[in-house]
Amino acid sequence: MLSIERLGVGRGGQMVASGIDLCIEAGWALQIHGANGSGKTTLLRVLAGLMPPAGGQVSWYGANVRAHPEKFRRDLAFVGHANGVNDDLTVLENLRFATLLGAGSGAPDGTSSVPASGRSGVAAPPSRRDMLARAGMLPLQHTRAGCLSQGQRRRVALARLMLDRKPLWLLDEPGDALDDSASGWLHECLALHMQDGGIVVATTHRSLQTPAARTRHLHLERSGAWLD
């Protein structure tokens, strides 16, 4: 469970959002909406523990993410605008590297903050080859990532998410640069992750197709932040 308590978010010395209170349970999604410059990416970075909040706190299963960063990061997968893909590695090597880093949920002892009841285990771990096929990247598996288009790099970054299987996904505009086919695959990945008890928090200019009954929407506007 990701808990946000009286959270304030600032940028450039100015408050862009304040007083945000909500809890995101296992199997749920939060979509963050707002115009350019509204603070969506800043808020996501605060939730990831990459920036300090201007007020309040963020907790992961009861532990403050700033006070216990190692405990939090073992369960966190963050994909920003830069994708985090290594240009010097091939597509397949990027996935192999991600699998090695994600072994045991990133924890030396294989532990996680998520209780067993929080993950259903419905989705079986896909193979790298299967994931590349689903992403439409199998013909390019031996191509260096630096030679890929932005949309193809985005597919590689999203494929790593499914292989890594971290319980919390923080995604900055995950649908950017994706064509209709890749967008459909993205929405399938999000639904499978939630079905398996994972949490999705994503900024987006347009609504993502996550299960409506388990999705909340946070809107950032000049007048303040509001939930529906």
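Placement of Cβ uses the backbone N, Cα and C atoms for every residue, glycine included.
DSSP assigns GLY34 (ATP binding site) to a strand in the three-state reduction. Annotated ATP binding site per Swiss-Prot: GLY34, ALA35, ASN36, GLY37, SER38, GLY39, LYS40, THR41, in sequence order.
What Swiss-Prot records for 2-227 is domain 'ABC transporter'.
Annotation source Swiss-Prot lists region 'Disordered' at 106-126.
Its Cβ taken as reference, LYS40 (ATP binding site) is surrounded by 24 other Cβ atoms within 10 Å in the chains shown. Figure note: comparing Cβ neighbours within 10 Å for the binding-site residues ASN36, THR41, the maximum is reached by THR41.
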